[in-house]
Every structure is written in structure tokens, then in C-alpha cells.
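What follows is a single structure, written as C-alpha cells, with notes after it.
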């Protein structure tokens, strides 16, 4: 225990340690451990109320000044030799703490001690924030940011000492002005306010408050991700959607009404159309016959008017000049010819009537021999007509060739003028005569519609659970991973966007553990091939976790194909592309 001014008696390089753990020395000691003392001391920054029983060994000059434990007598800058003490020491009186902590790499080390001082104190420039200091304090010159500044009562002068452009000594007080001085340098009986520094970016945006309000795009908070989906559409689009819904509803009602109707009415309409066509043909033939009769009557009427004019002129002609008038002779000659034709027709009709009356009188029935004979006569008649038609056709062909040769020789036209008529006739022959279409209620389904519906159903149905699958995946670095992975939607489908995932007969998907290499959880494009590839072959650019049809695919989509590579016919192996080699980078 040292008392007063002690210029110690410890030997150089050693310190006598008492059994209690305190060094004994007297006077102003160099290099000797001292016990706590009370009195006037300057700087007890590293002093401890119960110093540990340590021995310090020093060599050379200045051993006690920089290597001994601080005493609480009249000491100048005593430092703790080992680690910095973390307990608080109670000091009284006038204290100036400018101690240098040991084991520090920087000139200004910042220990974590705190002192409780009373009276007029100039608090340490190297200690932490003083706690509950009373009296006249020069507060916290260069305090460390370990703790915040506690409430100081009394007259406090000073603040955190900050450097120019940057804080050399960080402080809990942020409201500073000038060279580290507190903006409220003279605070009588009030607590020094502590505030956290507000970090603002470009435009004055506070990141501490705006970061909580930003919508999380990673999907960690579902309420923020749902806010984008629930955003109201513009009224124009809403009106269009409502009109579309109304139109679809009306079309569904029409479909229901049509589906409840029977096809018997349609078949009846078809029969009525056939009957009306027959009546129309009869009316057309009758109209044509009447047209011919009208034309004939016109000609006959004109001829009769001519004959009447001739008769009138013949009557007015004198009898001496009648030898030059031949019109009456021509008229009577034509009239006799007409009578002759009419008499022949009448004779034929009379014979038919006589035969009919004879058959009615004899009561004879038609035998099968008569029917066969009648059919033979009809057949012979058709053969004769066919022979005549053939001869006429040959004559027409000869005339056609002669006409074409005539045009070629005299007109210089080597083209066939009958080609247009021939193509028109061919179109007319190829056109179906019966214009009735297929029934709208056919039982045979449409293959394209069934395939499209099956594809949509497969894409929309949820996954039933992870199923193990085996396959080969070619990732972006073409690392092959052969093993079992967990696929999300069964065999033959895939999750796009996985690094190293394949759309084939199984492979590791994103987030699943696979036995092999070339499969990671990093989303990127993947060139995938495998057995039963049903999703996409080529480079896929899409987000992970969505269906196979929702991504933007750069490649050839092969739905429901079972080939190797880009897909083809069922169970048909094809050679891989030349550029997709395993060792290529």
C-alpha cells in the first residue's frame, strides 16, 4: 500500500507481490504494483477497485510509468498492464483521466470502463460514456459508441469531439455542431438528448421507414404480394370485361336452348326441302313449256296476221292480175301440210285407243314373258341411243380439232379456248350434289378439340405431391446429374427455370436434393432432354415454380411427345444435335 508521494522501491523488472495479491511499494513508484488509495489522482482510467493479483515484468526505463497497475494515489497516467478492467471504480475529488490503455493497436484505444464521479470532473477523453455524473463536467470528449450517454445533472460543457469530415471519436450524441461541441453546450439540470442518426438517400427518402413500407417482391410476406393482384382495373377495361361476360352468358343460354332441341325437326325440314325441290322442278318444267307455247303462239299469230293481210290484198286485186299473185297458193300448200301432220297424229291416237279397247274386251293379263320382252326392247333402245351418242361425240371431237387448227392457222391463237369450259365443268362435276351438311349433334368427337382440352386440364390440375423420378439432366455447364430427384408434377413434366433441371423422364428440380452434380437452386436457362419429354425442348426463360406453359420458351414446344431430344414419334430415338456435346463449353 502506497501512501503519499512514493518514488517506489521495486526492483527493475520485478514486483513484490503480497500474499493478498497487492504489491507493496512506497513513494513515487516506477514499476511497482500499488493498492487502491484515496486522494488526489490524475487519471485512473484503467484502475480497478479490486485489482487482480498480477505481476508485471518490464525491461528498460519507464517500467513503472507504462507497465504497472494504476494506483489511486498521486499517479501520472497509470495504465493497466493486461486486459482492460471492466468494473467501475468510485473516485472522489478532482480527477483528470488521461490514461492510455494497453493492448491496443491504435493510438486512441477505447476501453469499456465507466466512472462515477462527483464534484468537478473533466471526464476522460478515452473512456466510455460516463454514467450519472453530477457537477461540472466536460462531457464525453471522444466517447466510444459502446453505450449511450446517461443523464448528466448540473452544468455540463462539451460534447462529442468529432474530426473534420469524419468522426475520429464516435459518440452516442449525434446532434453536434462545430468541432464536436454539443449544440446545447450549456444545459442546466436537463438530460442530454440522444437521437439515432437518420440515413437518407437521394431525394430525401428515409430508408429506415420506407423499407418497411416497400412491397416485398420475394414473396416472404403474402399480404404484400397479394396487394398487386387486387389492384383495381381502369373503368374502361372493367366495362369491356362486363360486356364480355354478358356476351358469354347470352351465348351459353343459346347453347342450352339449342342442346334441348330435337333433331327430328331438322330431319323434317330436310324432307320438306326435298319435296319443295321436286315441286320446283315441276313448276320450272311447266314454266318452260308454257314459254315455248307462248313463243309458238306469237309466231302463229304473226303468221295469221300476215295471211289476213294477204287475203285482203288478194280480194282487192282485179281478176286479170291474179296470175301474178302466188301468195294464196303458198298459204293453201302450208295449210295442207299442217292438215297432213295433224291427220297422222290423229291416226296414231285412234290406233292406241283401239288397242286399249281390244285389251279391255279380251281381258288378257300381262305375262312375265311380256315384261321380259318389254325390258329387252327398252335395253335395245338404250343401246341404239348410246351408239348414236358415241357417233355424235366423235363428230364433235373432229369438229373441235378442226376449229382449233383453224384458229391456229388463220388467227395465230395456239391456246385452247375450251379449257375454261372444261375446268368449269370439272368443278361442277366435283361439286357435291347434295348440299346437306353434317349433323351438329355428332357422336364422333373432334380429335384436335379433345387434345387441346386434355392439355389445358393437365396444365391446370394441381400437383398431387412429389413423386420420385429417374433421368438425365443437362445443365447450363452441361454437367450431368444421374440420380433420383423430386419432381413436382409426375412423370413427363417439369418445373421451368431450374438450373440443371430437365423436362424429361425425371430429373432434379429446383430446391430438391439430387444425387449428382450440375443441379443447383440457381434459376437460369436450361437445355433439357430426356425420355418422355412433354414440356419444352430448348432454352427456357421463365420463373421457377410456375407451370410449364406459362414461361417464355425459346425453342420448340413438343406437347405429349416421347422421343429423345426435341421429341418425335412414339418410342423413336433420334440423334442429338451436333452442338450439344458433353465436353463443349
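For all residues, glycine too, the Cβ spot is worked out from N, Cα and C.
What Swiss-Prot records for 7-565 is region '14 X 2 AA repeats of F-G'.
Marked as region 'Disordered' by Swiss-Prot: 194-232 (among others).
Look at Swiss-Prot and you will find 211-232 tagged as compositional bias 'Basic and acidic residues'.
What Swiss-Prot lists as coiled coil is 242-262 (among others).
Here Swiss-Prot flags 300-367 (among others) as coiled coil.
Summarising the annotation, Swiss-Prot assigns phosphothreonine to 317 and lists similarity to another entry as the type of evidence. In this view, residue 317 (phosphothreonine) is surrounded by 12 other Cβ atoms within 10 Å of its Cβ, with every protein chain counted. Annotation note: residue 317 (phosphothreonine) sits in a coil segment as assigned by DSSP.
The region 'Disordered' annotation in Swiss-Prot covers 563-585 (among others).
Per-residue pLDDT, averaged along the coiled coil (300-367), amounts to 89 for this model.
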